[in-house]
Every structure is written in C-alpha cells, then in structure tokens.
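Under the heading active site, proton donor/acceptor, TrEMBL lists 98, 209. As annotated by TrEMBL, substrate binding site applies to 35, 36, 67, 68, 99, 100, 210, 211.
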C-alpha cells in the first residue's frame with residue numbers, strides 16, 4: 001500500500017547544488033532524515049546548527065507512530081517504504097533518526113541503497129562512553145529499542161566493562177506526538193516512567209529515543225543534577241559532517257538551503273511542533289508553509 005503523504009515546505013534559499021546531467025539545471029542535493037514521527041526533529045535541529053548550509057528533507061511517519069510496540073518486521077517494512085519515497089529526491093545520504101528503526105532496519109537499508117546510511121544508536125553510545133566517569137550508564141527507550149539490546153551491545157563494544165541498566169518508557173513518545181511536552185502533566189508522567197531507573201546509581205543516561213530530548217527538562221529534574229543526559233543528536237550531526245567531508249559532499253557557499261518536511265499524519269500538529277522545536281533555526285529567513293496531499 002502506498003503512503004499517503006502530506007508535506008510542509010520551509011522556504012529559504014538554495015546553497016549546495018548538483019547539475020542534472022544533460023539538462024543544464026542545478027538542483028540541491030539533500031540529507032534525508034526520517035523518523036516514526038516528530039522525534040527526528042531533535043536531530044534536524046542539531047544538523048541545522050552544525051551544518052547550516054545543508055539542505056534537509058525530513059519524513060515523519062506520524063500516522064503510524066509510535067514504532068516502539070511494533071514488530072521488527074513491521075518497523076523494517078515501514079522504514080523501507082519511507083526510504084523508497086525519499087530516494088526519489090536523490091539525497092546524498094540517509095539518516096535513520098529513530099532508535100527503534102535503527103535497531104530494526106539499519107543493516108537492511110544500508111545494504112539496499114548505494115548512498116551512506118547512518119542511525120542514531122552508535123553515535124549515542126559513543127557520547128555516553130565519553131561522558132561517564134563511573135562506568136554506570138542508563139538507557140531509556142521504546143519497547144522495541146530496549147528489547148533489541150542494541151544499546152547494550154553498542155556500549156559493550158566500545159567499553160566491555162561498562163555497566164548498563166535499560167528501561168522501556170512507552171508513555172513518553174505519545175506525550176511528544178500530542179504536543180504535550182511543555183505541559184505540567186509531562187513532569188508527572190516522566191517521573192512515573194523513570195521510577196525503575198533513577199535509583200540505579202548511574203551517572204549517565206542515554207535518551208534512547210529521539211523524542212525524549214523534547215522532555216529533557218522533566219527528565220533532568222527527575223534524575224537530578226548528578227546524572228548527565230545524553231542525546232544522540234549532537235554526535236549524529238558530527239558523524240554526518242565527517243561522512244560528507246570524506247566524500248567531498250559538504251555544501252559550499254553562503255546562501256541558506258531550502259528544507260522540505262513531510263509527514264504521513266496530522267499536518268497541522270506536525271507543523272505546530274516543528275515550529276515550536278526548531279524555533280530560531282527557521283526564523284533566520286522568511287518561511288512559507290505549504291500543506292498538500294500527494
């Protein structure tokens with residue numbers, strides 16, 4: 001079944017271009033970023049900050065979020081459908097900005113396409129190993145991510161003696177997808193969700209779902225000042241930069257890019273959350289929003 005896609009276009013200016021063979025026309029080549037919903041916007045924000053000349057095409061599968069409770073096979077299928085959709089835009093790389101989809105489908109998608117594909121689990125694990133002083137690291141994520149053991153495996157590969165405590169927090173993604181991440185109720189729900197992990201003597205907590213940085217304030221308040229919170233967004237943006245530099249694909253010039261944002265569900269809610277979260281990043285140039293059904 002084909003995806004019914006709604007799109008939102010953030011209009012700015014074109015920077016990096018690639019000539020279409022034989023046409024004499026230049027088009028911008030983008031970084032394609034995908035997620036189960038709005039969580040990947042946390043990665044988008046960091047990419048915009050670190051790589052302001054790069055064009056981003058984002059797909060949030062809001063109609064089928066959350067991915068966490070779904071089977072590996074279903075998540076892989078959904079991820080493949082989105083990648084097939086994004087490939088038509090000729091991106092220069094693909095970022096699976098969803099921990100559940102990274103755990104389920106990264107290897108499969110990497111083998112399927114000829115451009116670089118990265119996920120968010122290994123960048124998050126690297127950042128946590130760099131941050132921890134005690135060697136006691138916590139991980140919170142969706143049922144699918146925690147059940148896969150992907151973070152434990154990644155952390156142990158980097159530091160075999162690290163102690164890892166993991167906990168699924170399925171109540172948190174709906175808070176973000178419903179736009180409730182700034183509400184008073186979010187503090188109550190976060191506190192309840194973290195009851196099982198906050199007393200485990202960890203000094204570092206991986207936010208193992210890209211939705212969770214939306215809740216960094218209530219999570220930080222619940223865990224206390226002695227626990228460093230790790231989002232994979234910063235390290236993922238650094239990895240993107242390294243890959244593009246190595247391949248000679250970093251954008252050049254001083255003009256701002258055009259970003260395109262697509263969602264499969266409620267476009268109005270998606271637009272509201274994107275405006276709220278991306279804030280200054282989309283205020284630097286005039287913005288035109290267009291909503292259509294493809």
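Every residue gets a Cβ built from N, Cα and C, even glycine.
Known features from TrEMBL, placed on the structure.
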residue : record                 : contacts (Cβ under 8 Å, 6+ apart)
35      : substrate binding site : 41, 43, 58, 59, 60, 61, 97, 98, 101, 210
36      : substrate binding site : 60, 61, 62, 64, 65, 66, 67, 78, 98, 100, 101, 173
68      : substrate binding site : 100, 141, 142, 143, 144, 145, 168, 170, 173, 209
99      : substrate binding site : 119, 120, 121, 124, 141, 142, 145, 150, 208, 209, 210, 232
211     : substrate binding site : 37, 38, 39, 42, 172, 173, 176, 177
Could you check what DSSP calls residue 99 (substrate binding site) once collapsed to helix, strand or coil?
helix
Out of 67, 98, which of the recorded positions has the smallest number of neighbouring Cβ atoms within 10 Å?
67
Residues near the substrate site, 35, 36, 67, 68, 99, 100, 210, 211 excluded, by Cβ within 8 Å of the Cβ center?
37, 39, 40, 65, 66, 98, 101, 142, 145, 173, 209
